[in-house]
């Protein structure tokens, strides 16, 4: 889908005010001492900055390595969001060759822009089942993460708004399950031909394929409408919802194009005590000058699943053997830094369809795309108000008779009965993912399948001591038999679904026929990619550094003054799209800090 429109930073007429507290260079800052220094203006970091700066006594600095999010068309227009990948607003990380994927290297997108990945993701909004949060509480040893205790923070994050087309949403969502926060969440605002067929098939099959009125009401299982962080036809991100509205505050500074390259203590630790991290070293290029800022209360890392462990290890906090290899002086031997990397593998299968109402012609024809973009600019309606993914999706359990060699009968690594093992997304056109390329003619349906309760675990480590070098990221995708067999189950479920009567006159044929499971597995390994949901590289856990990088309040174990608030701390990967959880992290930790439950 990369051919749709070229990436542009066209200034859109959105009426946004000039933001005097947003600095383009670290040299523009008027001070070097703050109460809180937040490294990363991404999904969770923006939440923490906005909430802490509500107290005018708190002086807060946000350091963002990427650019300002304002007026970037491919961020703002939902359907163009896919075009932001592999551009200046993406870190453009790449995995090592993946042995489970025929030694292919896999792109790993992360937002390099204010709002972080909430500015470049596909905007799907899942807060996670109640089981996800109860498992967070169990694995962290902190009941504050249980659903009963985070429900109030979920309500403070987002609010339901009308879809762009203003259609009647009765039966498609449960309004009482939603809150009154700044992130705007809506149902699809442009109807597509697939929706009635998907829902009719759900009704016919029932059981594992049953209808779910609202994925954000505590139980993720079933087929339903996708909810997205979109309001009034535009992306709603942590930058637009939290950070930008706070920039008028005198006690909040935000600097972009500036990378934190090291954190350290300005004073020696007391005998028998922990080192207190209070200094952040910043640079704008590998060879440029270094600048220091000081946090009098806390340094908060919100650099994301790759940025936070990289900064820890560059600063001497990480596995001793890894640091010793690179000659990094060890400040703290924290063996779990960079471990426990988890990701959702994703696979697409394709069907030719008897319809002219897919988006294939829009992808192939820039003039058609321009007409639709002009419609969006005029009144925020039409195809451009949708994410490039589908309007309907399914989260499913593996069937009761599902077995995998080497695991006990009934093995289920998910967080509970309300969390899925797989996800299926129905896309109204050819979604050219991974090695696939857009056909020059024809009309298609893409069915995207994913393993959302994977058992594969990967690693992250430094490539060098240069903070501007890319790290070594090995998600070890599809390296367990369970993950491969579950992806095969996804393919079987898709076959079952599309074989139902609702598709009889619509689906012409699959783009590829499979001989047997060996043929399917070969296709899986040759074509799977990721859905860019990496988490877990600085996981939380109870006890000391031998069991997690941070404690239940996300304080880095073994040092003082340092906290991590981003998806790197997830102890398990949620069986859903994880952005909403990052907002909830930010809300809870900001509340803990403001209430005085800090260092």
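The backbone N, Cα and C atoms fix where each Cβ goes, glycine too.
Listed features, source TrEMBL:
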{"type": "DOMAIN", "residues": "34-345", "note": "domain 'Glucose-methanol-choline oxidoreductase N-terminal'"}
{"type": "BINDING", "residues": "113, 578, 579", "note": "FAD binding site"}
{"type": "DOMAIN", "residues": "454-586", "note": "domain 'Glucose-methanol-choline oxidoreductase C-terminal'"}
{"type": "ACT_SITE", "residues": "533", "note": "active site, proton donor"}
{"type": "ACT_SITE", "residues": "577", "note": "active site, proton acceptor"}
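Overlay of TrEMBL feature records on the structure.
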{"residue": "113", "record": "FAD binding site", "DSSP class": "strand"}
{"residue": "533", "record": "active site, proton donor", "DSSP class": "coil"}
{"residue": "577", "record": "active site, proton acceptor", "DSSP class": "coil"}
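In this structure, the CA atom of residue 113 (FAD binding site) is 17 Å away from the CA atom of residue 533 (active site, proton donor). For the domain 'Glucose-methanol-choline oxidoreductase C-terminal' (454-586), the model gives a mean pLDDT of 98.
In this structure, the C-alpha atom of residue 579 (FAD binding site) lies 9 angstrom from that of residue 533 (active site, proton donor). Our reading of the FAD binding annotation (113, 578, 579) yields a largest Cα to Cα distance of 18 angstrom. The Cβ of residue 579 (FAD binding site) has 25 other Cβ atoms within 10 Å, all protein chains considered.
Within 10 Å of the C-beta atom of residue 578 (FAD binding site) sit 27 other C-beta atoms, taking all shown protein chains into account. Separation of the C-alpha atoms of residue 533 (active site, proton donor) and residue 578 (FAD binding site): 7 Å, rounded to the nearest whole number. In sequence order, 121, 122, 124, 125, 126, 531, 533 constitute the residues six or more apart from the residue listed as 'active site, proton acceptor' in its chain with CB-CB distances below 8 Å.
Cβ neighbour count for residue 113 (FAD binding site) (all protein chains, 10 Å cutoff from its Cβ): 30. Residue counts for the domain 'Glucose-methanol-choline oxidoreductase C-terminal' (454-586) under DSSP (helix as H, G, I; strand as E, B; rest coil) come to 46 helix, 23 strand, 64 coil.
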